[in-house]
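According to TrEMBL, the protein has these features:
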- 43-73: transmembrane segment (TRANSMEM)
- 123-142: transmembrane segment (TRANSMEM)
- 234-258: transmembrane segment (TRANSMEM)
- 278-301: transmembrane segment (TRANSMEM)
- 308-326: transmembrane segment (TRANSMEM)
- 338-360: transmembrane segment (TRANSMEM)
- 393-410: transmembrane segment (TRANSMEM)
- 430-463: transmembrane segment (TRANSMEM)
- 475-495: transmembrane segment (TRANSMEM)
- 515-535: transmembrane segment (TRANSMEM)
Amino acid sequence: MAALGALVKKAWSVRRFVVLLCAPLALLPVLLSLPPKEGRCLYVILLMALYWCTEALPLAVTALLPIVLFPFLGILPSNKVCPQYFLDTNFLFLSGLIMASAIEEWNLHRRIALRVLMLVGVQPARLILGMMLTTSFLSMWLSNTASTAMMLPIANAILKSLFGEKDTSKDMNRENEESQACLQQNKIYTVPTEMQFLASTEDKDLAEEKELSSDALSDLKKEEEYKTNIWKGFLISIPYAASIGGTATLTGTAPNLILLGQLKSYFPECDVVNFGSWFMFAFPLMLIFLLMGWLWISILYGGINLRFAEQAIFFFFCMFAIMLFSRDPKFIPGWASLFAPGFISDAVTGITIVIILFFFPSQKPSFRWWFDLKAPNTETQPLLTWRKAQETVPWNIILLLGGGFAMAKGCEESGLSVWIGGRLHPLEGVPPPVAVILITVVIALFTEFASNTATIIIFLPILAELAIRLKVNPLYLMIPGTIGCSYAFMLPVSTPPNSIAFSSGHLMVKDMARTGLLMNLMGVLLLSLAMNTWAKSIFQLGTFPAWANIHAENATSLVTAVENVTLSALNKI
């Protein structure tokens, strides 16, 4: 097995090396088949998309390619490319990542999970609902991968408690007495460690097992199948809930932030999408989808006192959410109206809160220290240290976002997005509601094999131009395209959460495929319903907005300029 594993790893390394070297050469015809500037931009985009899908280079390193290729190929100067990596949106996302580090540092997510599980009870279906609610809530603020990684150990502990031997549970070493007491109050009994549990099963008398009747063996087999299905239901529900929960907030998943950044790039006058308006649209959709997903999985598979640091983190976490919601909710004046228009953004709010975490004490301060000369002069640990932030914050995601924004800027400046939009004539006769369904289906299938971030970076410019061609609000196509990227449920390789759950060894590919197929269909239909009902009033989708009309006029003038240049070049020939 070791030799086979080494052979597979070597084959994968050779494949990456071949893609890395051959992809630039294989894409050279793109440079010759399009006008010069558009062809060069499309060449860079296809090269980045290929590297992202095959992971020939690390995702963050691929995201840095526009800094090198755009200036060398004459697409954009360096002073226009580099600022895309430090936009307002990047710092909003960074504030969410740092807040997630603080939550993880003090195990607030465990407290939330335990409280939810205490409320829902111990019936397997209700426990699955509790796990999905907790995971989706965490995924609204943390990354989908982090939420899944946090919740899977909790799910495993609950499953071992449900199916463990009660008589051996007395010998278990309790690592957290407070958590165990709460579990026992709800009739969830603990079991020994994994090694002790395996050892206890080996001591059973094999002779008694042989003497069991056929009916007893049949019952035992059914019981084992029941336990296996419950185990699968638990494990498969967590990554799905993480993917669904991430769609509810702008900071919940990278595609949402990329939509916001590219909207600012393509339609600078568009101000209808912010944290509050997105939440009003996406949160009801998330709840409905979560409930239906829970019902499908269930059918298919069968008060704690907080420490000072936890209280402080919970307080700042609530402040973080409340300030983001209330900055500019649109339907009422927000607190940002107290300042000069345009000066305060969601990034300012997020960074303000997380800066406090770096100096706010993690222990309750004592005023006696000031009057006691003999008191030890020990430094108080803050809620979050920079070392912890460095270790836990995925900084490569910031570069990945910047790469997406740089790619979008290149598409706009080079005229590539306009050129692509001009090739979408067959879709102009499709009714907009049908276009929404088709777009969501295509993107949901594409994201099963490519990363969510890479998928949305590739498709958003195309959707923006298609919306202008159809004369519909660009958000009507861009929002379902963005959320559709998170609906990757069918394959273990679709998302990191799916891979984490699959690596537990209790799931098979067919389990995820048959469960995820209906999840994808439900997601597409629910998203279409949301876009054609309450989203219309929230985002004013019934009209073609002025900010899109301005972009359309600029695009038309750009197309005319491109055509004139092309004709003049042909005349010279």
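Yeah, the Cβs are placed from backbone N, Cα and C, and that goes for glycine too.
The structure displayed is predicted, hence computed values, not measured ones.
Panel annotation: around the transmembrane segment (234-258), residues 89, 92-93, 95-96, 127-128, 131-133, 135-141, 143-145, 147-148, 151-152, 155, 158-159, 274-275, 278-279, 282-283, 285-286, 289-290, 293-294, 297, 301, 346, 350, 397, 400-401, 404-405, 452-453, 455-457, 460, 482-483, 485-489, 495, 497-498, 500-501, 504, 506-507, 511-512, 515-516, 519, 523 of the same chain, lying at least six beyond its termini, place a Cβ under 8 Å from a Cβ of the stretch. Sequence-remote contacts of a segment are chain residues at least 6 beyond its ends whose Cβ falls under 8 Å from one of its Cβ atoms, and for the transmembrane segment (43-73) they are 15-17, 19-20, 23-24, 27-28, 30-31, 81-82, 84-85, 395-397, 399-404, 406-407, 410-411, 416, 449-451, 453-454, 457-458. With pairs at least 6 apart in sequence, the transmembrane segment (393-410) and the transmembrane segment (278-301) have fewer than 3 Cβ pairs within the 8 Å limit; the two do not touch. If one looks beyond the transmembrane segment (123-142) by at least 6 residues along the same chain, the residues whose Cβ comes under 8 Å of a Cβ in the stretch are 96, 99-100, 103-104, 109, 112-113, 116-117, 148, 150-151, 154-155, 158, 162, 230, 233-234, 237-238, 240-246, 248-249, 251-253, 286, 290, 293-294, 297-298, 302, 317, 320-321. A Cβ distance under 8 Å defines the sequence-distant neighbours of the transmembrane segment (338-360), meaning residues of its chain 6+ beyond its ends; these are 88-92, 94-96, 98-99, 102, 250-251, 274-275, 312-313, 316, 319-320, 323-324, 327, 382-386. Sequence-distant contacts of the transmembrane segment (515-535) (same chain, six or more residues past either end, CB-CB distance under 8 Å): 236, 240, 244, 281, 284-285, 288-289, 292-293, 296-297, 300, 433, 436-437, 440-441, 444, 476, 479-480, 483-484, 487, 489-491, 494, 541.
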